Each structure stands twice: as C-alpha cells, then as structure tokens.
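> There's a structure below that I have some questions on.
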Amino acid sequence: MAIGSVVFAAAGLLLLLLPPSHQQATAGNIGSQWRDDEVHFNRTLDSILVPRVVGSRGHQQVREYLVQSLNGLGFQTEVDEFKQRVPVFGELTFANVVGTINPQAQNFLALACHYDSKYFPNDPGFVGATDSAVPCAILLNTAKTLGAYLQKEFRNRSDVGLMLIFFDGEEAFKEWTDADSVYGSKHLAAKLASKRSGSQAQLAPRNIDRIEVLVLLDLIGARNPKFSSFYENTDGLHSSLVQIEKSLRTAGQLEGNNNMFLSRVSGGLVDDDHRPFLDENVPVLHLVATPFPDVWHTPRDNAANLHWPSIRNFNRVFRNFVYQYLKRHTSPVNLRFYRT
C-alpha cells in the first residue's frame, strides 16, 4: 500500500450505527455475549503466519486453509483464480478467496483483507504479521465468535448477507504503482462489476452494487494502532467504531487506556485493495493503522513484535461493530457518492 495526498472536506457524520444511550450503558453485556476465542485466533494466526508470496508453497497452503476455514464456518466459498504477468516472476496464478453467508441477499456487508505476503529478494522468510496475517485471523475469528448468530438468526435473511474477502496479490513485486499492486482486488472488482444475479439478471443490479460497504483491514497487530476516518460517506460508520470502543472501555471490556479509533478525518488517503472498488462507487471503510507500524516491510513484522492487548481490543470492537451492523439492518443502506 502507499500513502496518497488527496485531501477532502468532511461535510458531516452519518450516524447510522451509533448505539442509543441505553445501549451504550449495556455495551458490556454485548461484549460478554460474544466472547473471545483466543484458542481459535491463535491457531488461525499460526496457520497463516508463514511466508506466502504469490506462487510459493506457503501461499498455496494458506489459500487452502482459508477455503477450509470458511467452509467449516458455514460460508459458501468461491475461489476467484486468474493468471497475470508481473515484474520479476513473469506469469503467476492468483486466487482471491470469497466466503458468503446468504448469497441470495439483496445487499452485503463485505469484510476484507489481503493474504499474500510481500516479496523481498533478500528476505525469503518475511511473514508480514501485521501485513496482513493478523487481519486475516481477525476476519475468521469474527465469523467464529459470532457463529451462533450467523448460523441461526442471521442465516437466510433476504435483506443482507455477509461476505469475507481475502484478496490475493495486494503487494507490489517491485515498486508500488497502479499497475504493480492490488492484482486480486482489481480482478475481483471487474468480475463483480460485469455480472448480475437473479431470475431477471438484465434488470438486476451489478453484483458489485450489492455491496453496501467494503470494510478493509490492513496493518493491524502492532502496539497502540490509530484509525482515522478516510471517507466522508462512511464517516458515520467510523463514528460507530469510536462509540463502541468508548462503551466497551467504560464497561471494562477493553485493556489499557489507549483509544484506537479517533474522531477525526484524515487529510490523506492510503492506497490499498479498496481502490478498484472505490472506482466502482463502492463505499469504503478503510481500517488501516496510520501512521504505519514501525515494523512495516521489515523483518521485524513477525509474531514476536505483535501487541496482544491491542489485537484483543480491536477484535472486541470489530466483533461488536459487525454484529450491530447486521442485527440492526432493516433496509438497504446507500452510502454511495452518487446514486445507482
């Protein structure tokens, strides 16, 4: 990913998911209802935290693990495989992994991250713990800890489904450019934009237009991360994360006293897997730590330098956010910059 310099003005908040005052007081009950499963999280992270450059054996193993995990969690799983020429290696096979609950739903909440690790010719052992093994583990662990809700009350809803997207080929093989980056998300966005579903497919919206918001996780796992709002149209969703964190902290459900989610709009953007979706007018909630962790793209981005209290805190806030979004969803949410 890369930091850009696009500046925009915030026109106000879309307070879609802010907990009402009585619910703020009982946030601890929500936090207790959906308990941590650290055994699952640690096992998941261990399975992903290996060198996984596109085309490597480790990459293939992690891909298979993601498919197996999604199937085991009750998702309908699809592998979006394609070949493309890249710098250094020539032609490689990429594979996005997508899991869906309620695939026939009108709209979707999409949670995403990338699973490939960066290629360093002088560091074949680079594992990219924050970039993005931990985000992968967070998505699977969120599905696991919310499993009782997702597999019973939520299943077969027609208004909203849940997508977990594990992008391949986010990392540049040489230097970050529009061409040498986000290979998987470009392919998947184009595929979703070209297809429609339903018995009257010609009249149906494009599949990409059924995504209400793409929530993209990246660079998570270091000590005391900070998350700002990047896009005006999803600032209300970011504000809900701020409020959930505050409520859980008040209820004694979080560790330490460092706030992760900041009530501020960033003056710059971070280029990442969301770019092709943003180009297709998909609302994006970009949860990337800024400033970047000091271990970013160094050999120190490994398990030894992860900060477990920060990871647990993020997991708890994010789990509640996902649950509240799905639980309170009653009608389509259109946050697009222009209407479709």
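Quick reminder: no glycine exception, Cβ is built from N, Cα and C everywhere.
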> With D131, E171 listed by Swiss-Prot as Zn(2+)-binding, which of these, H297, H307, H329, is given for the same site?
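Only hit among H297, H307, H329 in Swiss-Prot's Zn(2+) site, alongside D131, E171: H297.
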> Just checking the recorded positions N42, E170, E171, D218, H297: which sit within 10 A of C136 (disulfide bond), CA to CA?
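Of everything listed, what lies within 10 Å of C136 (disulfide bond) (Cα to Cα) is D218.
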> Taking the Cβ of E170 (active site, proton acceptor) as the reference point, list residues of the same chain whose Cβ is under 8 angstroms away and which are at least six residues distant in sequence.
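Correct list: M1, H114, D116, S132, S181, V182, Y183, G184, S185, D272, D273.
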> Let me spell it out: for each of the glycosylation sites (N42, N156), count the other Cβ atoms within 10 Å of that residue's Cβ, using every protein chain shown. Which one has the most?
N42
> Around the Zn(2+) site formed by D131, E171, H297, which additional residues qualify by having Cβ within 8 Å of the site's Cβ center?
M1, S117, K118, F126, G128, W296, D301
> Going by Cα-Cα distance, which of the recorded positions (D131, E171, D218, H297) sits nearest to C113 (disulfide bond)?
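So, spelling it out, the nearest of the recorded positions is D218.
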